[in-house]
């Protein structure tokens, strides 16, 4: 401030105002005069321009003169005082031709700095495309004005290096369990300062983290170290602050968790193996065949899943044998493990021949096979699963199994040796070659040669003939090889006799001698002689003359009814090979002297001997004879037997098999809980036809060995024209006594008794906690009470007025006086025999028994079921 400014303004107010007016006036004069001075102005207007290296910048020089048209030679000079040239004009030249082919390189580049006029102004711009450290310094803008005045101004360009990330990847992956430096390297001039943040909190050096110049050290990396880290760089001199976000994801090295040391595959079959590995990220798995160093994923027949590690081979060959390496690889590392693939060759049998040996000598059956590993060879009899064990057999010391192995060649053999071979050793034998790859089978035959043998014919009966019938004597020799047969009679070969009644058919191993016994001399012994290379054997075959059976020695009546008699017939002695084929009876009334009019009946030997259709209260004569293939024998035992008078039927026989589960008597068990079908056979009616059957059944229990029936629950029914009755509405798990009677006009038969038990029905489960009757129980009790009341009322009606249900049932069981008179009348008439048509008396019949039923038929008396 000048002298005027040094005056104390507070001393004189008038003076102060005067001085202020003078100052303002002087400043106005200075500004007005400066506006008239020609000059150059640089924009931006700061005298010092700071820019980061590598950035682009523009400086504009503009004349500030009263007459702009008087400005000439406006130009820029660099820091070396060299004139900066304008941007050169470039002529366009095509890089590609019309067909799209490159014809030259695009080498057009702008110079590092150049000048150019700004459009629509008189300003000259200095353009620097890429600022470098060398470009730092003072730059001048010059011009001439009105031809004689030089104008000049300058600007200083200062450079600095900005924050640049030189090694700071945005995604980094440390390895689990290892120390790792999260890289963050930065370049700047002046040097920057670095600090770290995680989740907005600053990280400081400690046991876990160490801030280093090249990054952040993390000790013993764990999965919990995953996250977002911030690397922050700051230049205090320039105030520059830059942050770098880095995503840290912890990886783990791959580890093979499963791979067997050895693998086994079978030749010709598919194969699969698994190599599993863990790691982060999920490792990729490769299979390498060591012998060829080939990745098998590229080979035929192989497929590899790189994620699961599964190796598949479509069809294994022997060349696949060898060592393989499983490699697991991810971004964290590589690991490998080896395994050996053994190729199993399925056994194949290449040698097994049928063998033939003599009995009582050694026979050996050998089987050879190939495979890898060398297969084990065993034998078994055809049709049996029992295999011979190696060595001498425990159950037969004659048999030994020998086994030999050659692992190097993959061959083995087995020999089954049989010492002192027997005929039972003859047959098929199966060779089994077995290893881990499978089993092969082959069948061979052992033939045991033996001399002729007639043991199968020693128990045969003699051969019979009669009435000069031709007969066939058969001789069959068992031998290997087949035997030749010669017939001899009385020590002489039959072929030398030239007897036309002796004809030989066949010479071995079967031969038949057809004998025509026209004279008794032919009933003789004939010798069959069989011969093969191992020996000779012979057997005698006897031809006998057959005769009719001897007379029947005895026939006793076993069971009598008014119309039938069952006999017990004793068979006469028979010769071995000539069995009785039938028994025949002739019978007639005792008053009839003529046997030619007698009735005839025949039975097979295994049937009941029953004569039916007889008259009640009549005397009969019976005589018996036996029949064989020759014919009917002489009449034997002659007996008389009288039939009883007409009476009630015989007791019917229930057709049920009891189960002896009761101490006192057998019990029939019903398969049902609520019903049972009773079935029975028709008994003898004893002269009067059966008109109905009575079935009575009562529930009951046994106490102290005594049967107690519930009489009030007994039921009785009559069944006509049927031999079965179904009892229904029975109680489950209950015993019933059943009585069955047959009835004819004379009366009832004796009762047939059966104890029957029903099976258990649906169990009723009662709750023990609360003794409360259910609604169903209450209804049942009410219904039972009503039924009991009706029963009492019906019983009173029966006793008092003879009416009601019970009265009607009682009347049915009573006999009327007329019926009693008719029975008495019948009793008087029994003194006279019933009249039977003569034709029925003279009719012949035959009875046969097939093991279950008796069949009766009329006609000729012939033997049935014979052994002819």
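Even glycines carry a Cβ here, placed using N, Cα and C.
Straight from TrEMBL, the features:
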type: DOMAIN; residues: 38-158; note: domain 'Ig-like'
type: DOMAIN; residues: 177-247; note: domain 'Ig-like'
type: DOMAIN; residues: 254-342; note: domain 'Ig-like'
type: DOMAIN; residues: 347-447; note: domain 'Ig-like'
type: DOMAIN; residues: 452-542; note: domain 'Ig-like'
type: DOMAIN; residues: 548-646; note: domain 'Fibronectin type-III'
type: REGION; residues: 638-659; note: region 'Disordered'
type: DOMAIN; residues: 662-762; note: domain 'Fibronectin type-III'
type: TRANSMEM; residues: 778-805; note: transmembrane segment
type: REGION; residues: 818-845; note: region 'Disordered'
type: COMPBIAS; residues: 823-832; note: compositional bias 'Basic and acidic residues'
type: COMPBIAS; residues: 833-845; note: compositional bias 'Polar residues'
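Within the same chain, residues 555, 557, 560-563, 565, 590, 614-623, 666-669, 678-688, 690, 693, 738, 740-744, 746-752, 754-755, 826, 830 sit at least 6 positions outside the region 'Disordered' (638-659) and bring their C-beta atoms closer than 8 Å to a C-beta of that stretch. Residues of the domain 'Ig-like' (254-342) grouped by DSSP class, helix first, strand second and coil last, total 6 helix, 53 strand, 30 coil. Mapped onto DSSP classes, the domain 'Ig-like' (177-247) shows 3 helix, 43 strand, 25 coil. Secondary structure counts, DSSP: the domain 'Ig-like' (452-542) has 9 helix, 48 strand, 34 coil.
With DSSP states grouped into helix (H, G, I), strand (E, B) and coil, the domain 'Fibronectin type-III' (662-762) comes out at 3 helix, 53 strand, 45 coil. The domain 'Ig-like' (38-158): residue composition by secondary structure is 6 helix, 58 strand, 57 coil, according to DSSP. Residue counts for the region 'Disordered' (638-659) under DSSP, split into helix (H, G, I), strand (E, B) and coil, are 0 helix, 8 strand, 14 coil.
Counting residues of the domain 'Ig-like' (347-447) by DSSP class, helix then strand then coil, yields 3 helix, 64 strand, 34 coil. As a whole-number mean, the pLDDT of the domain 'Ig-like' (254-342) in this prediction is 93.
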